[in-house]
Amino acid sequence: MEEEQKATTTSTSASPSVGSGDLKSAAEAKVRIAGAWSGVIEVELEAWTLPMLRQEVARRAGAAPDCVNLICGGKVLRDDSRAKPLGQLGLKNNAKVLATVVRGDRGKAINDQAASEAEHAKKLARIRDAAKALSERHADGSLPLEDYNIELEDQNGQKLMLGSESDKKALMMGLMLHTNARSLVRKQKFKEALDVLYMGEEAFSLCDPKLTEMIDNVPILQLDIVWCYFMLQDISCLAVAGIRLENARKGFERSHGKDSTRLRLLQAGYRAELATYLRLELLEGVVAYHSDKYEEARKALSSAQAKYLQLQVPDEALSLLMGMGYKENAAKRALRMTGQDVQSAVHFLVEEQARKILRKQENIQRQAEILEQRSYGATPKNKPINLQELNELISIGFERDLAAEALRVNENDVQKALDLLTNPERNCALQSRLEKRRKLGVSGSSGADIEELVSMGYNRSSVVDAVQRSRTKEDALELLVGANSEDSQHATINQPKDDQGPPSTALTNDDKMDLGEEHKYPRDEVMEDELANELTGDPLADYDMEVMKEGEAIAEYLALLDSIASAT
């Protein structure tokens, strides 16, 4: 989290001696103004701020301060929320400043634009930091602070097993940023989406190229970047757009196989990629047209038009599926994915429904597991208790909480935990330690208390943290009310620590390695939740596109090509 730096200035004064009345303070300087008003203004560089200088220039020029722009060194001087002194803005003695006066509405527009750009930069930083924090926490197997896990899956919903943790972090961060950018694209916020796409591209670049060549997320991101160029009508990006489209096509061929055979096999014969290739060919045609390659443009656009016609949903088929009880969007998606075949679309919808039910059941089960793991606390390396190993110890006859504590202090090493539990002296010390942890509220969080507090409207992660740090539900509620009254979006979650442990004679160094350990995570919960909520787990989401705008663009550029052909 960025720390706000505060600079303090001190000034000293001395009574001038005889004959020194013409000496000036070392901080006093002259600023030479030209333009709307010409002259010299004497300022103290470490005391005067930009608003003060603007107000003085406006007074002398007979204009409103909001209508005065100041330019120094080729840059427009903009107000800063912390009002830095002129010296920190780069102004020196005899600095030359150009003053211009604009209409009131234009001056307000310039200030509004500057404020909007600053707010956008702040939002981008929050998105990047939240994506980075989530990827770091969920990629290394740490005990989740939330009631969910973020995991990487393939087209069939199977977990991806990656060899490198750094690759997993980078890939996870890139996917979260890409998903957020696509959400902005759907909201027609193309400029904002571009900035997030660039961050996603940077995250993907940190992965092993052998990994990114196997997946189609990177070429889809390249395609999304060029689509934003097109929607913003940014012709200046024409050259780089052509390179990005070329890289995207090569990426699709590597990941999908020739003629998409590999992708078709993964998607059980469905034609999910059709809309993606339609957009690719449309943009290739647009780039070729603006590069005066008219034959190449017509070939690409004609192919895109053929795909567009294949994606048009017949009213009869749509009506038939909606008559079966399916919603319009789901029915359209099914028909587009199956080439407008009604029987295949019904099969697709049944599979989709079954997949959603299974995912919901898995999410409920995983949520319950996370709550149980939280109740035992984290290991010294902030890892959750391995529930499979725990169940093995319970099956032998050990009490659940005691077995969990033995695994916790031994980093889930079941053999070390078994040695500890079967040693009478160390077992007794462990029981004493567990009792003290319970009194401190570190373990044994009440699921009922958590659900009750969540139902009051509090964030689940904050509730779990408060319950773990409190002896009673009432104490947890006081913590939540206090945090809410501070109205802070940036919270720091502390993993509880043990203030005391059992007698050192009864525990080995391995048993005591977590005493006094504390895990802290600076968090932007609002932004993290926003990013997490966009992750639907839908394997076809990246291919599911409405293509109305693409159809209009295809018709427009084909008409332009026809007009050129008729003129020659």
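Residue 1 is the first one shown; counting continues down the chain.
Quick reminder: no glycine exception, Cβ is built from N, Cα and C everywhere.
For reference, TrEMBL has these:
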type: COMPBIAS; residues: 7-17; note: compositional bias 'Low complexity'
type: DOMAIN; residues: 49-101; note: domain 'Ubiquitin-like'
type: DOMAIN; residues: 312-352; note: domain 'UBA'
type: DOMAIN; residues: 384-424; note: domain 'UBA'
type: DOMAIN; residues: 433-483; note: domain 'UBA'
type: REGION; residues: 1-22; note: region 'Disordered'
type: REGION; residues: 483-516; note: region 'Disordered'
Legend entry - Counts by DSSP class (helix H/G/I, strand E/B, coil) across the domain 'Ubiquitin-like' (49-101): 19 helix, 16 strand, 18 coil
Legend entry - Helix, strand and coil counts within the domain 'UBA' (384-424) (DSSP): 29 helix, 0 strand, 12 coil
Inset, instruction - List the helix, strand and coil residue totals of the domain 'UBA' (312-352) as derived from DSSP. - result: 30 helix, 0 strand, 11 coil
Legend entry - Integer mean pLDDT for the domain 'Ubiquitin-like' (49-101): 84
